[in-house]
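Taking it in order: structure first as structure tokens, then the write-up.
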Amino acid sequence: MNTSQQDLKTVVVVGNGMVGYKFCEKLLAKTSAFNIVVFGEEPRHAYDRVHLSEYFNGKSADDLSMSHLGWYSENNIALHLGDTITEINRSEKVIHSLKGVLQPYDYLVLATGSSAFVPDIPGVEKDGVFVYRTIEDLDMIQNYARAARKGAVLGGGLLGLEAAKALIDLGLEETHVIEFAPRLMPRQIDSAGSAMLQAKLETLDLKVHMNKSTSSILGEGNIKGLQFADDTSLEVDMLVISAGIRPRDELAKLAGLETGTRGGIVVNQKMQTSDDSIFAIGECALYDGMIYGLVAPGYEMAEVVAAHLCAGERTFNGYDMSTKLKLIGVDVASFGDPFVTEPDSRSIVFEDSHKGVYKRINISNDGKYLLGGVLIGDADAYNILLQTVNNNILLPPNPEDLILGSRGGEASAGAGVVTLPDEALICSCEAVSKGDICGAVTDLNVTTVEGMKKCNKAGTGCGGCVPLVKDLIHETLKANGTYIKNIVCEHFDYSRQELFDLMKLNKIKTYDAALDHFGKGDGCELCKPTVASILASLWNDVIVKQHTIQDSNDRYLANIQKGGTYSVVPRIPGGEITPDKLIVIGQVAKKYNLYTKITGGQRIDLFGAHLSDLPDIWSELIDAGFESGHAYGKALRTVKSCVGSTWCRFGLHDSVSFAIEIEERYRGIRAPHKIKGGVSGCVRECAEAQSKDFGVIATEKGWNLYVAGNGGSKPQHGQLLATDIDKETCIKYLDRFLMFYINTADSLTRTATWLNKMEGGLSYLKNVVVNDSLGINAQLEAEMQGLVDSYHCEWKEAVENPDLRKQFAHFVNAPKEKDPHVAFDTMREQVKAKEW
Amino acid sequence: MEAVIDVAVEWVFVCKTDDIPQNGGGCVKVGDEQIALYNFSRRGEWYATQNLCPHKQQMVLSRGMIGSTGDTCEPKVACPFHKKTFSLLSGECLTGEEYQLKTYPVKVEGDKVYVGIE
């Protein structure tokens with residue numbers, strides 16, 4: 001570009017919110033032919049207002065920032081923060097700021113957003129009454145909430161419920177939501193959906209009041225309560241008003257631009273105001289009589305103006321206001337026309353008040369097309385339903401399958417990603433179509449979601465479309481004939497299962513042999529632990545004999561913690577421990593100055609051990625009859641139990657004894673990922689067995705066996721594999737299930753994910769494990785028995801073997817010295833790691 | 001593997017060759033300095049870097065797994081905490097962040113290992 005700075009036309013953006021920021025980003029992506037000047041009223045850089053409530057969840061203002069600190073200067077944007085524009089002089093084409101800046105413009109973009117609408121209720125000026133709009137509002141709410149016990153939110157719309165979530169997170173004892181209308185989220189969901197949402201929210205301790213008109217705010221200087229028109233009142237210490245938004249059009253009005261009677265700057269399809277060098281975008285713009293109070297249409301408006309300034313033809317034609325969000329942990333989605341009723345359409349409604357799920361879809365009278373719907377409690381189907389509406393996709397013969405799932409038969413209900421047309425909008429935040437995504441896979445070789453984000457920003461906004469993007473990448477690769485295989489890493493061109501089989505057949509016993517036979521290069525931190533795990537699953541040798549290929553925790557048979565110390569977990573099978581053993585744990589912890597905590601798996605974790613103390617600690621524990629708990633390994637951890645029939649008046653069988661038997665059977669067995677189990681003595685399920693990789697629950701007639709449950713980041717209940725079986729059968733099925741998992745799963749894949757990915761799912765697994773459809777059960781059982789018979793306590797081996805024991809030193813040239821870098825703080829009379 | 005060294009270094013004896021595990025690392029103490037020493041026996045090479053992982057300021061690199069990456073088989077170490085990886089040749093962070101490790105020359109004479117200190 002040869003043009004000098006002076007010759008460039010100047011674009012001035014008023015407003016540094018999400019949409020104003022996005023406009024700058026989009027304009028810069030197209031051209032550098034403009035001087036860009038931005039004015040923001042708030043003191044900080046543009047931040048993510050959509051995720052504002054996460055500010056109370058530990059996110060900082062920086063985390064919410066849309067860009068890094070140097071972004072504006074790097075892109076030569078002049079940024080004026082904390083300065084309000086007071087006047088637009090249209091004839092001179094110059095604007096005036098409160099701080100006295102005179103800024104000429106060639107094009108002016110108003111992205112002034114909106115402010116909270118505060119209804120005219122007597123007493124709104126009292127202390128303790130807030131709006132919920134900016135980080136500054138949040139700071140004030142947070143400060144005030146410290147001394148408050150009861151809070152209320154005025155307004156049961158989307159933002160109001162977000163605000164209520166914020167109050168809950170701030171730890172208020174009571175949080176109320178007051179809504180004037182007879183239902184929650186009146187713009188998005190119907191009455192039945194609202195009722196389900198209300199019931200669900202009330203189980204989460206939120207108190208919801210509908211049909212309430214607030215007549216005044218009580219109290220002297222500070223708010224003390226709310227008075228309602230129906231003569232009732234409510235005592236509260238603070239109030240957050242979230243009764244809607246008001247477009248910020250005062251500057252435009254003053255400049256004589258056309259505005260709507262109920263607010264908003266009138267714009268045409270190019271987002272031009274009544275002055276064609278002035279544009280308005282985002283929540284301040286009024287297009288076709290409507291304010292678009294979501295971020296995605298705001299981004300689309302930004303795109304339209306950026307394109308227009310670069311002589312593009314793009315126009316704004318209204319926007320789909322479908323939305324999906326998680327409100328206080330409850331999925332809520334609304335798409336297409338959620339309210340259309342007979343005689344214009346027919347509705348299919350599914351309601352499960354036990355689980356708190358409500359689904360409604362509206363279909364055309366001829367049953368061919370989906371018009372819209374509402375999802376509460378389970379919105380997994382949202383993306384595909386939205387696509388079905390937007391692309392006029394023909395419905396399958398049984399449209400109810402769309403919300404109920406396919407019942408019976410293996411085929412899934414129609415309308416998969418493959419059937420979408422190329423122009424289907426997948427990422428509405430960044431306007432990326434199916435064609436863009438599939439094209440990036442085919443032409444640019446993009447094969448991962450991360451790569452796609454870099455390539456065309458799909459999935460970088462709200463993130464809701466990421467599962468669809470992933471499916472599309474996968475399906476396109478498949479359609480292009482690319483064989484998709486999860487290879488271990490750059491050194492081994494095999495999947496874990498292939499490598500497992502190769503090492504088994506060729507009796508490979510060391511990592512170096514595996515690399516020489518089947519790999520290339522020198523290995524890395526991905527293949528070394530994978531091969532180490534396979535070696536352990538195949539031959540069950542002492543793992544620290546090859547300690548340099550073990551992952552961080554396995555290398556020193558302990559869990560590395562902040563500061564470089566380790567934690568120690570002795571096995572306490574089934575959570576049962578004698579007083580004498582408890583005393584030993586206490587004595588050891590005291591002697592080595594360890595922090596002690598009860599784990600989720602009914603054991604005791606001892607933190608803060610120096611590397612060089614580990615063998616001494618274990619010598620003492622082993623002398624007292626303890627053995628390794630394998631808390632550091634991708635191995636069986638614990639089998640949790642409830643106390644069962646030995647003490648409990650409801651217990652049907654002895655769950656503790658069975659848990660101990662199972663834990664001792666599978667202890668030390670290494671697998672692609674950690675394995676946890678549980679045994680409950682009755683259907684009350686106190687051991688939470690259904691959230692484990694395997695769970696056993698006592699019945700009148702025997703035991704029910706559940707498999708592939710999961711806690712963690714994606715909780716999932718176990719699936720019922722067999723009912724009313726005896727102990728021997730249960731062990732037999734467990735042997736087969738675990739060994740089948742060890743033989744076939746990818747590295748670091750828990751049983752739940754493994755089963756989720758398995759073609760045919762549970763019915764296939766059942767066929768293998770129960771009906772022996774592959775004819776491998778005798779072999780699986782024999783392999784498992786081999787592992788059980790070769791069990792050893794690896795800590796016993798380590799402390800008794802001088803060569804192995806030598807490995808546990810921080811300095812090889814000063815083995816008795818501890819790392820002077822290790823430091824502790826004190827908390828509640830125990831040590832804790834110094835913060836890093 | 002000794003590169004041409006411009007600055008005069010003092011060679012400090014730190015340990016015997018069999019003190020450091022094959023294809024792994026160990027930490028040696030030189031004065032108050034902690035140095036991670038790597039015995040890349042698969043390639044017959046020795047490397048040394050600072051023991052401190054610059055990501056979270058932890059003295060742990062000697063406990064990391066070593067390996068190589070790319071067509072040139074660049075030797076590397078992975079921090080046991082968050083698996084940031086660093087080149088053993090240049091000390092550069094290979095996982096896309098702007099961290100830099102200090103590296104040291106190493107020489108082996110017989111069964112004695114020396115690290116060059118500036």
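Cβ from N, Cα, C; glycine included.
Feature annotations, courtesy of TrEMBL:
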| type | residues | note |
| --- | --- | --- |
| DOMAIN | A:10-289 | domain 'FAD/NAD(P)-binding' |
| DOMAIN | A:322-392 | domain 'NADH-rubredoxin oxidoreductase C-terminal' |
| DOMAIN | A:425-475 | domain 'BFD-like [2Fe-2S]-binding' |
| DOMAIN | A:561-622 | domain 'Nitrite/Sulfite reductase ferredoxin-like' |
| DOMAIN | A:633-758 | domain 'Nitrite/sulphite reductase 4Fe-4S' |
| BINDING | A:Cys642, A:Cys648, A:Cys682, A:Cys686 | [4Fe-4S] cluster binding site |
| BINDING | A:Cys686 | siroheme binding site |
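When other Cβ atoms within 10 Å of the Cβ of A:Cys648 ([4Fe-4S] cluster binding site) are tallied across all protein chains shown, the result is 15. In sequence order, A:Cys648, A:Phe650, A:Gly651, A:Leu652, A:Ile697, A:Ala698 are the residues near A:Cys682 ([4Fe-4S] cluster binding site), counting only same-chain partners six or more apart with C-beta under 8 A.
Secondary structure from DSSP puts A:Cys642 ([4Fe-4S] cluster binding site) in coil. Within the set of binding-site residues (A:Cys642, A:Cys686), the lowest number of other Cβ atoms found within 10 Å of a Cβ is recorded at A:Cys686. On the 0 to 100 pLDDT scale, the domain 'Nitrite/Sulfite reductase ferredoxin-like' (A:561-622) averages 97 in the predicted structure. According to its DSSP assignment, A:Cys648 ([4Fe-4S] cluster binding site) is coil. Close to the recorded [4Fe-4S] cluster site, the chain also has A:Val643, A:Gly644, A:Phe650, A:Gly651, A:Ser655, A:Ser680, A:Gly681, A:Arg684, A:Glu685, A:Ala687: residues not among A:Cys642, A:Cys648, A:Cys682, A:Cys686 whose Cβ is within 8 Å of the site's Cβ mean position. Under the DSSP three-state reduction, A:Cys682 ([4Fe-4S] cluster binding site) is assigned to coil, being neither helix nor strand. Residue counts for the domain 'Nitrite/sulphite reductase 4Fe-4S' (A:633-758) under DSSP (helix as H, G, I; strand as E, B; rest coil) come to 43 helix, 33 strand, 50 coil. The helix, strand and coil residue counts that DSSP assigns across the domain 'Nitrite/Sulfite reductase ferredoxin-like' (A:561-622) are 31 helix, 14 strand, 17 coil. According to DSSP, the domain 'NADH-rubredoxin oxidoreductase C-terminal' (A:322-392) comprises 9 helix, 33 strand, 29 coil.
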